[in-house]
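One structure below.
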Amino acid sequence: MGGGGGGDTFTVDDALLTLGFGKYQYFVLAYAALAWVSEAMEMMLLSFIGPVVKRIWRLSAKEQSLITSVVFIGMLVGAYSWGVIADKYGRRKGFLMTALVTTVAGFMSSFSPNYATLLVLRCVVGIGLGGGPVLCSWLLEFIPPPNRGTWMVVFQAFWTVGAVFEASVAWAVMPTLGWRWLLAFSSIPSFGLLIFYLCTPESPRYLCLNGKIKEAMTILDRIAKVNGTEVPSGTLVSDDDVVASDQDSTPTKRHKQGALTTILKLLSRELIRPTLLLWLVFFGNSFSYYGLVLLTTELNAGRSACAGHKVKAGETEDVNYKDVFITTFAEFPGLIIVALTVDRVGRRLSMAVLFFICCVLIFPLVFQLSDMVTTGLLFGSRICITATFTTLFIYAPEIYPTAVRSTGFGAASSMGRIGGMVCPYVAVALVQGCHEIAAIGMFEVIIILSGVSILLIPIETKGRQLSDNVKQKCQP
């Protein structure tokens, strides 16, 4: 502790170290986890409703792919927009709006009378889902540095819980009640976010950075009371206040920034390299993750159709729920890998290794294999890509300082949405068009580029404290 200007001072990280990870953080984690379960369910249902709606409304492969792509188009807009709102007006206001949009549009989409209406409503759902990075940044800013890797892995595990739960609900609901009921049931967790919203606190780090020291101290005092600890003695300051004192500048003026100013900071000399490389990694990771999810429902069926094995209507399900359910469970060992490596091996190296292993597992899919072997390879690939995705969501917000954390994470996530937008045309349209080798080849190239890009980012955040200023954060 300490800083410029004389007297004892402490930062939010100093306070969190003293306060520890206790009951208060468990509540914050529970709320963020509910949001993560909600987002996972809304995303995973895309692999179930696409084949069914295609059959019912007699859609083409490209029209089916568009049902998934419009969600990512919405997320592309939402990820950046909610990040700017969260950095300018607060984390709480950011995820309140995302929850409202997701809940209303998600529920209403179950009443879609036609294909066009479904596309519009699912795009709006995507805009709401784009706020996921805001929740990640919010949670991250309550966790003491030594616990950050572990608890962010626990948080990411709730995505897997949501994915598995969605697969279970789809297996139970779709064959009997139909796709509309699946859409309605999948919106229920979002209602929970609205119900418990009033109990959620603002990030003390955000408040401190924006000069609201009294409000930040109120929250830190509340954390201390719930956790049974004490706030450090002295004056609460942000990292920027310390830097400003040393440089004789005025931090409060620096933080009143618009969206353009924030983006220019992301492309500043200190941040441009990690920002651009992170965009490439997010694109590749999202393309690969959602592509593998879609391949699970498309690859075996597509090859059978291309081989001339026609199936009479009514003799098979639109989706092989068993295969989807099995491969979704691959996310659990992926999380275990992250828990074992993220704070030991480091973020960058562990992601790079897993990307390259994923390439090795996907390559045999260019050949005609049995359904069991294909499912096994997809299972292994899903383990790797889940682990990289989880680590990336821990690593990305750690790179950026508080003033641009939500915007930087949101912008990177937006690049990922472009990957998700493109992948249905590879995993669905190309496979159904009997171009499986071309589809697998594209996955190989993009995953390799992602592995190389993550190694070129000059920052490793393992064991580092979060920062409020750019210069401190970007030193390799």
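Placement of Cβ uses the backbone N, Cα and C atoms for every residue, glycine included.
Residues or ranges marked as domain 'Major facilitator superfamily (MFS) profile' in TrEMBL: 28-462. TrEMBL lists 26-53, 65-83, 119-140, 152-173, 179-199, 276-295, 324-342, 349-367, 373-396, 408-431, 437-457 with the feature transmembrane segment.
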Quiz item: Are the transmembrane segment (179-199) and the transmembrane segment (26-53) close, by which I mean at least 3 Cβ pairs under 8 Å that are 6+ residues apart in sequence?
Solution: yes
Quiz prompt | Segment confidence, the domain 'Major facilitator superfamily (MFS) profile' (28-462), expressed as mean pLDDT | solution = 79
Practice problem: Find the member of 65-83, 119-140, 324-342, 349-367, 408-431 that has more C-beta pairs under 8 Å to the transmembrane segment (373-396) than any other listed stretch. | Solution: 324-342
